[in-house]
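S.K.: Quick one: structure below, then a few questions.
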Amino acid sequence: MDYRRQTSIKPRIIVHGGAGNLTPSTLPQELYQEYRRALLSILSRTNEFMNTPNKEQAVLGRLPSALQTATFAVCLLEDEPLFNSGRGAVFTRDGINELEASVMVSRGYKKRAVGVSGIRSVKNPILLASKMLEAGEKDLEASSAASGPVADIPSAQGHGHLHGQELTETLAQKYGLDIVDPSYFFTQRRWDEHVRSLEREKTEGGASASWSKTEYLPQGTCGAVSLDAEGVVCVATSTGGLTNKLTGRIGDTPTVGAGFWAGEWERPAEHQQWLPALFREPGPIVQLSAGLSELLGRCMSAPPRYLPLGSGEASLRRVSFAASGTGNGDSFLRIAAVRSVAARAEWKPEPSSKSITAITGPGGELQRSAGDRWGRTGEGQGGMIGIELVRDYDARGDIVRIRSEILQDFNCGGMFRAWIDDDGEPHAQVWRDDDGTLDKQR
């Protein structure tokens, strides 16, 4: 099918700042309001950025890309000490800040996805991931054409995930990114959490240094998912990891499919979804054998024949999806959480909102992965944010319908999140039924 140029799509944004054991007792009113103000401020600044042509694109009148918007939002989250990324990153058991980040786009870049980890001196890890993705346009071509050593060293080459202090700092310097002393990432709040948790582990039998029933210990991430006017969706995620993780541990945040995913797929439009999935085939005609038609005829009226659709009727659906996870990263890794959501949505098929709930909602696959340890160790806790874009095309390749949806769900006490709704109104929430106060939660 020859797709004609699509009509403009309204940009969308949703951000998150972590999920876990968030209750009125672990998040008192003053701190709750502090988080809420920070989320709304970051959302407002990102929304303004998203809807303003940047200097490079002002002449063409183009708005920022999904990659630019998601990266911008996560940079703000990294600079806010309240959140577990960048400036507010948690400490390892050895008292070190080791950061991770990732980006992925549904289309438009050769690498599609990039992860970085083991970072100790790059001020904004998300910028390093973004630069690696962009540089991949040249890196992949250079490495494939070179007969000897790649001339432009240092380079990320064709790699999608790079780990380690020296390597990440060298690349960041090449890209012109800010390098800081490791002390930049020190915050007293995170240090106190680090020390208290290690002491509790020593004095309380069976206690974990990474999770507590009585205290919210960051074990999640910060992330953003954006949709641009070209229909591209992008996910950007950054974290300090689990509180008191082992130094050198790599979590779900930089791991493709576990903590993040973005992609696109196509399928026949859902104008005749009544036909059992067993008998649905892509293409304009479905032919049933005489015996099968006779069998179906005993149970229902004769099924209509799939015929080519006329102009104006949807014949093909293209879905774009991106999501960022947050919570216990080891559990996300165990079930390849975000890729599992996308796979359900594509192959079941079902709306991405249902897929997110099936994986990260209450009683979902993420929770079940904890087994009988659920509620005792922090395992299986988490949530997810995302965006789904659905475009329906007619037989000529013209778009007949466009729909975008903000996605979110979680299985634990709460998830810090903020988004712009369909009417352009901002929202920031922690719990499910969250009106901006703690009154309903008590």
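Note: Cβ is positioned from N, Cα and C throughout, glycine not excepted.
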S.K.: In TrEMBL, which of the ranges 83-102, 143-162, 163-182 has the region 'Disordered' annotation?
M.R.: 143-162
S.K.: Cβ under 8 Å, sequence separation of at least 6 from the ends of the region 'Disordered' (352-379): give me the contacting residues as numbers and ranges.
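M.R.: Counting only partners 6 or more residues beyond its ends, the region 'Disordered' (352-379) has Cβ contacts under 8 Å with 20-21, 208, 210-211, 217, 219, 319, 321, 323, 325, 327-328, 330-332, 334-335, 337, 340-342, 344-345, 386, 388, 405, 407-411.
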S.K.: DSSP on the region 'Disordered' (352-379): how many residues come out helix, how many strand, how many coil?
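M.R.: Helix, strand and coil residues of the region 'Disordered' (352-379) number 16 helix, 0 strand, 12 coil.
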S.K.: Among the binding-site residues ILE250, ASP252, GLY327, ASN328, GLY329, point out the residue whose Cβ has the most other Cβ atoms within 10 Å, with all shown protein chains included in the count.
M.R.: ASP252
S.K.: Sort out the sequence-distant neighbours of THR326 (substrate binding site) for me: same chain, 6+ apart, CB within less than 8 Å of its CB, listed by position.
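M.R.: Listed in sequence order: HIS16, GLY18, ALA19, GLY220, THR221, CYS222, GLY223, GLY259, GLY382, GLY383, MET384, ILE385, MET415.
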